[in-house]
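Read through the structure below, which is laid out as structure tokens, and then see the notes.
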């Protein structure tokens, strides 16, 4: 908004000097100090000022009518906006400079984007050329990847086509490869295969089999306290068998002065069992009353 438009819409008290002059004359008359010479000069100056203001008001009124005709679609301006128009006029120049700088930055970005688009178009054209060259070059298609021949259908039933010629050619080639009389190479291959199988069987036989063993703790009880425990232990250790190994022993008191023999042994499960040990030890009836298994653990 221009300054002229702002002044046209501003409410101005153009007759204020007249009222001021009348008020001054009233107070001078009351005080009794008239000044005719000064009043005449002041009146002429005031009249000139009033005429100038009237002319300005008329010109502003004409401008107001022209501006209202041009901008009849513009909304009315509030009093607050009218008061802030002066400050907005001073800030318009700064806003204009900011807009110019933004427009220049947008133009630079637009130029860079044009360059990027041109580079992409060039790369795309190169790729299209390469694809066309690859499509023109003959590609070896494997039988597995080759498309299956289309089978015509008539009234919902498939018509078999003659596609047995490649299979026949393969069969003929296989027949040509077969040697009816045999060859020395086949015999050597068979001998080598048999030799390797024999070596593998020998290695497997030499491997030691896993033997299952157990640790047994036996309680051998005598008849009474007068039994010779050393002789009893000697009788027990005299039991020998393949897969039997005697260990440590000790005398454990039972009661009333009687002691039992507690002896450990390691046995192979496939060769020696607890039943066999009990039978062999109880054969010494003069010394042994009973045999019990106190502990049995797998090794």
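Glycine residues also receive a Cβ, built from the backbone N, Cα and C atoms like all the rest.
Per TrEMBL, the features are as follows:
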COMPBIAS  65-94  compositional bias 'Polar residues'
REGION    65-98  region 'Disordered'
COILED    103-137  coiled coil
COMPBIAS  137-152  compositional bias 'Low complexity'
REGION    137-186  region 'Disordered'
COMPBIAS  153-166  compositional bias 'Polar residues'
COMPBIAS  169-186  compositional bias 'Acidic residues'
DOMAIN    180-204  domain 'Elongation factor 1 beta central acidic region eukaryote'
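DSSP places the residues of the domain 'Elongation factor 1 beta central acidic region eukaryote' (180-204) in helix, strand and coil in these numbers: 21 helix, 0 strand, 4 coil. For the domain 'Elongation factor 1 beta central acidic region eukaryote' (180-204), the predicted model reports an average pLDDT of 79.
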